């Protein structure tokens with residue numbers, strides 16, 4: 001029987017020109033299956049159009065739904081999500097999945113509500129430019145042994161995490177009515193030894209078993225770290241540890257913020273890669289470039305035009321389609337914020353990433369362009385089963401054009417993806433394309449590519465129950481099967497388009513409404529309709545009932561096809577068409593009214609096509625708007641914006657200041673601090689001196705650390721001090737209250753070795769106190785030598801010069817250490833500055849009368865520190881979304897460490913001498929858009945030149961009238977001050 005089946009498959013392959021592969025499942029569930037073409041969910045093929053989202057980087061659960069609605073509206077049907085162990089586990093065997101933004105059940109619920117599937121990525125290791133790559137920081141002090149191997153010490157640490165988070169993932173699988181369709185094992189773990197006894201192979205088997213023990217049954221996946229190794233594919237040297245669906249990570253842009261002409265070189269070898277190494281599986285780009293992170297001292301995202309360009313999305317993402325990719329995840333789609341101390345040293349506070357959705361949750365043109373592809377893939381079911389018919393420069397009349405040619409073996413639908421062969425080219429090229437259709441071979445003339453532009457030319461393409469295109473040189477945005485078949489095309493304004501209906505009558509009549517005039521030409525293959533794309537919306541009504549919309553690209557950016565169902569899969573008869581607004585979050589039809597929920601910055605016209613003759617009215621965010629009916633069946637009106645609203649943000653005044661470095665004084669009482677008395681470390685990196693001064697050995701992992709070392713005698717002339725707290729992290733030292741040196745931080749140095757020079761007059765015969773305060777930019781990721789995430793933090797070594805030894809060291813860090821005394825904000829929010837330990841940054845803190853009337857604009861005159869607090873009131877209108885940030889600047893040459901706390905959340909780490917970030921946004925929920933807000937700024941000078949700011953100002957990024965409810969009681973996310981004197 002197997003032989004007969006094999007013969008049949010060979011015969012079928014010869015007949016269709018492509019191998020046939022039956023759908024496969026993992027033996028645990030058939031709800032999610034796959035073959036060489038695509039993933040299938042509940043028996044239906046799915047183009048996975050996914051966006052990467054990290055809930056930890058947006059600590060307001062209600063706003064997760066805001067982001068999800070924006071992704072859904074812009075063509076996405078899936079989100080890919082990291083779950084950071086570090087965020088949920090402040091100490092060993094303690095997990096928080098319920099408090100505030102730690103409640104990941106809400107994540108799954110909101111994803112389902114928005115109509116998005118979920119790809120779960122819980123590690124244990126995640127990387128993601130987050131501190132320690134997502135490992136729990138209590139475990140990253142060296143006690144994990146050889147991380148990301150089968151080392152027993154490591155295994156005992158990570159397994160409880162996977163079991164705990166795995167149970168929640170399992171409960172939210174599609175098999176249980178939830179949105180999870182794939183579960184990733186580990187992250188970019190490179191398989192270098194193909195041996196079943198290899199430690200990495202054993203480790204991957206352990207991870208698989210742990211997820212299985214937790215109840216996860218959906219297919220497993222992994223993400224290859226670029227085309228450097230071949231890892232964990234069942235189709236290549238499978239000795240164990242392989243996953244069900246192999247994925248590849250790729251960031252090919254090589255773009256430069258400083259030079260917009262550099263990079264932009266397409267990689268055209270994805271198809272070959274997948275054919276070599278995962279040929280029985282669908283092509284899955286588990287992470288594809290949606291932007292790129294920026295380091296300390298680098299560029300700020302808003303100024304990086306090359307990363308923000310919609311051209312990248314147009315050319316690169318369509319190239320992936322041409323490569324037969326059918327699982328496509330964009331990393332990042334929304335980046336968010338590295339608030340608190342959650343960043344790895346390679347990034348600063350903002351994790352905007354240059355992503356399609358800005359850190360402020362605003363829609364960039366890049367997302368609008370991405371939407372055009374998302375909506376196309378949503379309805380193009382024939383794209384989900386194609387073979388590579390060919391590729392190269394021979395398909396066109398101009399060899400400067402490269403073409404991918406895909407063919408569906410069942411329907412013969414064709415997809416020709418064209419772009420400049422030199423993808424960085426800015427030339428305008430007009431050419432003819434040779435195509436194959438059911439009516440034979442033919443040539444489409446007058447196709448134009450304007451520099452960095454790509455197009456998908458379709459043939460034998462179904463656009464409804466009774467209509468098809470023989471071909472079109474205009475790009476299909478979407479189509480709908482409503483009362484009639486409705487087709488939406490787009491082109492750049494001024495470009496020519498042509499299309500032919502398949503098997504349509506030759507004498508079709510049509511009426512045009514708009515700026516693009518259509519002409520008809522009889523050909524042997526049918527009537528060709530040609531036009532030059534004008535600006536705005538043009539509608540063409542054909543006598544066979546088909547309605548065609550012709551849009552210029554910028555108009556298409558503000559086109560939406562809101563589904564009328566909640567499922568991530570949307571059939572052509574399950575959405576309506578809306579033109580004009582900034583955002584359409586959703587739409588529904590009730591009786592004679594179409595109810596639309598959306599956002600608008602400026603008043604715009606709106607056009608709605610529902611295909612329902614009973615619909616006569618339009619409601620926008622609950623309010624009826626005046627409309628008129630068009631001759632072709634749509635309704636047109638105007639929806640309001642926010643341009644008439646004046647946003648007046650309060651000036652920041654009435655500052656109070658207190659000393660946040662009282663520990664500088666030799667008389668400071670540190671008797672309750674942790675004594676550094678260890679002579680051996682759990683860390684394999686040997687300390688440079690004893691006792692061990694690694695902060696992690698004493699339970700302090702995040703933020704500022706303060707050390708006080710004591711010694712006797714007046715012989716010491718200085719000290720050798722080595723500090724390692726991440727790139728760009730500085731530190732300063734005081735002897736008996738006098739500044740003696742330090743290091744201002746360097747974005748190129750992971751550690752610093754400094755010689756402190758003592759003034760003899762500052763020395764005492766007994767009980768000298770050397771106070772060292774260190775900044776912190778995060779724990780390293782796995783790739784940083786020598787031991788990755790477990791590289792020690794704090795003082796690596798400290799010895800006296802000139803005679804004598806330290807007699808006692810004490811350390812202080814974040815209040816409570818691993819106790820997680822503020823579970824809502826979580827274990828990475830605070831550091832060890834005195835003001836933080838005392839809770840001066842928290843709402844409700846009452847400033848004592850002894851506090852100074854002083855602002856950050858006055859600053860400090862020497863090597864000192866201040867903690868500044870003030871409050872302000874906001875009273876924005878209830879239907880407004882106004883992203884707000886804090887703009888800082890400092891005089892040139894200022895070397896200081898500045899932190900911003902909004903209602904208790906550390907939402908800004910500002911190093912004016914390193915940069916680049918100086919504007920720090922706060923999402924609603926961290927800031928109250930209606931109510932009293934508490935703002936605190938900590939600042940300490942890294943040198944005796946002092947420090948001050950010259951600008952501290954609230955800034956509004958933009959304003960939108962919104963159908964989303966931002967007018968909420970955020971109190972539960974902003975717990976207030978409680979007495980903390982025990983942590984002094």
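Including glycine, each Cβ sits where the backbone N, Cα and C put it.
In sequence order, 127, 223, 224, 225, 249 constitute the residues six or more apart from residue 188 (active site, proton donor) in its chain with CB-CB distances below 8 Å. Sequence annotations record features per position, and here Swiss-Prot assigns active site, proton donor to 188.
The number of other Cβ atoms within 10 Å of the Cβ belonging to residue 287 (active site, nucleophile), over all protein chains shown, comes to 26. Sequence annotations record features per position, and here Swiss-Prot assigns active site, nucleophile to 287 based on sequence analysis.
Taken from Swiss-Prot, the feature substrate binding site covers 82, 127, 128, 129, 187, 251, 353. For the recorded site, residue 353 (substrate binding site), the DSSP three-state label reads coil.
The disulfide bond annotation in Swiss-Prot covers 257-304. Neighbour count (other Cβ atoms within 10 Å of the Cβ, all protein chains): 21 for residue 304 (disulfide bond). Under DSSP, residue 304 (disulfide bond) is assigned to coil, being neither helix nor strand in the three-state scheme.
Sequence-distant neighbours of residue 197 (N-linked glycosylation site) (same chain, 6+ residues apart, CB-CB distance under 8 A): none. For the recorded site, residue 197 (N-linked glycosylation site), the DSSP three-state label reads coil. Swiss-Prot lists 197 (among others) with the feature N-linked glycosylation site, giving sequence analysis as the kind of evidence.
According to Swiss-Prot, the feature N-linked glycosylation site maps to 276 (among others), an assignment based on sequence analysis. Every protein chain considered, the tally of other Cβ atoms within 10 Å of the Cβ of residue 276 (N-linked glycosylation site) stands at 13.
DSSP assigns residue 391 (N-linked glycosylation site) to a strand in the three-state reduction. Spatially close to residue 391 (N-linked glycosylation site) yet at least six residues away along the chain are 268, 271, 322, 402, 403, 404, 405, judged by Cβ distances under 8 angstroms. Residues or ranges marked as N-linked glycosylation site by Swiss-Prot: 391 (among others).
What Swiss-Prot records for 421 (among others) is N-linked glycosylation site. In sequence order, 393, 399, 400, 401, 402 are the residues near residue 421 (N-linked glycosylation site), counting only same-chain partners six or more apart with C-beta under 8 A. The DSSP secondary structure for residue 421 (N-linked glycosylation site) is coil.
Under the heading N-linked glycosylation site, Swiss-Prot lists 434 (among others), citing sequence analysis as support. Counting Cβ atoms from all protein chains shown, residue 434 (N-linked glycosylation site) has 15 others lying within 10 Å of its own Cβ.
Here Swiss-Prot flags 517 (among others) as N-linked glycosylation site. Remark: residue 517 (N-linked glycosylation site) has 531, 532, 534 as non-local neighbours, by Cβ distance under 8 Å and separation of at least 6 in sequence.
Secondary structure at residue 602 (N-linked glycosylation site), taken from DSSP and collapsed to helix, strand or coil, is coil. Swiss-Prot lists 602 (among others) with the feature N-linked glycosylation site.
In the three-state DSSP reading, residue 677 (N-linked glycosylation site) counts as coil. Annotation comment: Swiss-Prot describes 677 (among others) as N-linked glycosylation site.
Residue 715 (N-linked glycosylation site) falls within neither a helix nor a strand when secondary structure is assigned with DSSP, and so counts as coil. Annotation comment: Swiss-Prot describes 715 (among others) as N-linked glycosylation site, evidence class sequence analysis.
Among the features that Swiss-Prot reports, N-linked glycosylation site is placed at 720 (among others). For residue 720 (N-linked glycosylation site), the same-chain residues 6+ apart in sequence whose C-beta sits under 8 angstroms from its C-beta are 753, 754, 755, 756, 797, 798, 799, 801. DSSP assigns residue 720 (N-linked glycosylation site) to a strand in the three-state reduction.
Listed in sequence order, the residues of the same chain lying 6 or more apart from residue 759 (N-linked glycosylation site) and placing their CB within less than 8 Å of its CB are 735, 738, 740. Residues or ranges marked as N-linked glycosylation site in Swiss-Prot: 759 (among others).
For 805 (among others), the entry in Swiss-Prot reads N-linked glycosylation site. According to DSSP, residue 805 (N-linked glycosylation site) is assigned to coil rather than to any helix or strand. Applying an 8 A CB threshold to same-chain residues 6+ apart, the list for residue 805 (N-linked glycosylation site) reads 711, 799.
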Residues satisfying Cβ distance under 8 Å from residue 257 (disulfide bond), sequence separation of at least 6: 294, 298, 299, 303, 304, 305, 306, 307
Proximal residue to residue 287 (active site, nucleophile) among recorded positions 129, 187, 276 (C-alpha distance): 187
Among 127, 677, the most crowded of the recorded positions [Cβ within 10 Å]: 127
Of 187, 715 (the recorded positions), the residue whose Cβ has the fewest other Cβ atoms within 10 Å: 715
Rounded Cα separation (Å) that holds between residue 276 (N-linked glycosylation site) and residue 251 (substrate binding site): 20
Integer Å distance between the CA atoms belonging to residue 434 (N-linked glycosylation site) and residue 251 (substrate binding site): 32
Residue among binding-site residues 82, 128, 353 with Cα closest to the Cα of residue 715 (N-linked glycosylation site): 128
Alpha-carbon spacing, residue 82 (substrate binding site) to residue 677 (N-linked glycosylation site), which is rounded to whole Å: 38
Among 82, 251, the most crowded of the binding-site residues [Cβ within 10 Å]: 82
For substrate, whose listed binding residues are 82, 127, 128, 129, 187, 251, 353, the greatest C-alpha pairwise distance in Å: 19
Candidate nearest residue 187 (substrate binding site) in space, where candidates are the glycosylation sites 434, 602, 677 and distance is Cα-Cα: 677
